[in-house]
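Database features, via Swiss-Prot:
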| type | residues | note |
| --- | --- | --- |
| BINDING | Arg65, Thr66, Arg115, His143, Gln146, Gly271, Pro272 | carbamoyl phosphate binding site |
| BINDING | Lys93, Arg176, Arg230 | L-aspartate binding site |
Amino acid sequence: MTNQTVSPLFPHRHLLGIKGLSPLDILCLLDLADQEIAVSRQPEKKKSVLRGRTQINLFFEASTRTQSSFELAGKRLGADVMNMSVGNSSVKKGETLIDTAMTLNAMQPDILVIRHASAGAAALLAQKVGCSVVNAGDGAHEHPTQALLDALTIRRAKGQIENLIVAICGDVLHSRVARSNILLLNALGARVRVVAPSTLLPAGMADMSVEVFNSMEEGLKDADVVMMLRLQRERMAGSFVPSVREYFHFYGLDREKLKFAKPDALVMHPGPMNRGVEIASDVADGPQSVIQQQVEMGVAVRMAVMEALLDPRRNPGNGEPA
């Protein structure tokens, strides 16, 4: 990625995943997000680039930080933002995703942000509506804006991503965050490791250009970044780990395990955290943690994504789906 010129133009209509984005597309979004940070840090947190545009947030899975982040991002760009409460909607009365999509499409929104438990839901929605679609997480498939905000956090702390050793640890099997991060970090030249018990590793990891470890000591050795994943017990139908106590003993990030990584290694977590399950509180709140910075970068990245998709100066013709 060294010495390549990054275009300010983003040639896609949707953001459905990291897969389908080129390294230069990713850098375009990260560079724009760098600019958006200043907006969020000024007293008047507002710009009018999307004034008159309408954003609908359609969350079929519970979310606090992601939905709030998308809402703030849209409002700071000047868009009109509507949060659809699925719990009180026609979906609960038997309406299908397609029916809901067609109804919302008739209202002429400019962008739909969707989170859904089914992999491929965002892509299906994009085929049925006339506006841009952003995937805010679809099952265990992808979570592109999380990977982008993680990359932005790493780049701002370390100055680069290329050649860094990034260890992604924990429940990789059920994690859309892990999948999107692996795709993005590989695209930008990082050395990616996954660290997990064999029961929490998906099939086909060898095809994703990662090093696989079942030991935290081996997996964290000389790591520049340690990215912990939440143990997603709500997605587990069987017995994937013997007990929470045993899981933390072997795979929870505490001070002793963190010593295996480089002394200046970053500690990351996409949230929400299970303290005492995958990460100890003194590590989550410690000097190497950039978890709160990830939250701040989330708003900037989502601002960048929506501006890149909807601002005609950055997306003439609203491009092709990614």
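Every residue, even glycine, has its Cβ placed from backbone N, Cα and C.
Excluding the listed site residues Arg65, Thr66, Arg115, His143, Gln146, Gly271, Pro272, the same chain places Ser63, Ser69, Ala136, Gly137, Val177, Pro270, Gly298 with Cβ atoms within 8 Å of the centre of the carbamoyl phosphate site Cβ atoms. Less than 8 angstroms from the CB of Arg176 (L-aspartate binding site) sit Gly137, Asp138, Gly139, Ala140, His141, Glu142, His143, Gln146, each of them six or more residues away in the same chain.
Within 10 Å of the Cβ of Arg65 (carbamoyl phosphate binding site) there are 15 other Cβ atoms, across all protein chains. When every Cα pair among Arg65, Thr66, Arg115, His143, Gln146, Gly271, Pro272 is compared, the largest distance found for this carbamoyl phosphate site is 16 Å. DSSP assigns Arg230 (L-aspartate binding site) to coil, not to a helix or a strand. A straight line from the CA of Arg230 (L-aspartate binding site) to the CA of Gly271 (carbamoyl phosphate binding site) spans 7 Å. Counting only same-chain residues at least 6 apart in sequence, those with a Cβ under 8 Å from the Cβ of Gly271 (carbamoyl phosphate binding site) are Arg65, Arg230, Ile291, Gln294, Val295. In the structure as shown, the Cβ atom of His143 (carbamoyl phosphate binding site) sits within 10 Å of 27 other Cβ atoms.
Here the binding-site residues are Arg115, Arg230, and the one ringed by the most other CB atoms within 10 angstroms is Arg115. Within the same chain, the residues at least 6 positions away from Pro272 (carbamoyl phosphate binding site) whose Cβ sits under 8 Å from its Cβ are Thr64, Arg65, Arg230, listed in sequence order. When secondary structure is read from DSSP and collapsed to three states, Gln146 (carbamoyl phosphate binding site) falls in the helix class. Each of the binding-site residues Thr66, Gln146 was scored by how many other Cβ atoms lie within 10 Å of its Cβ, and the smallest score goes to Thr66.
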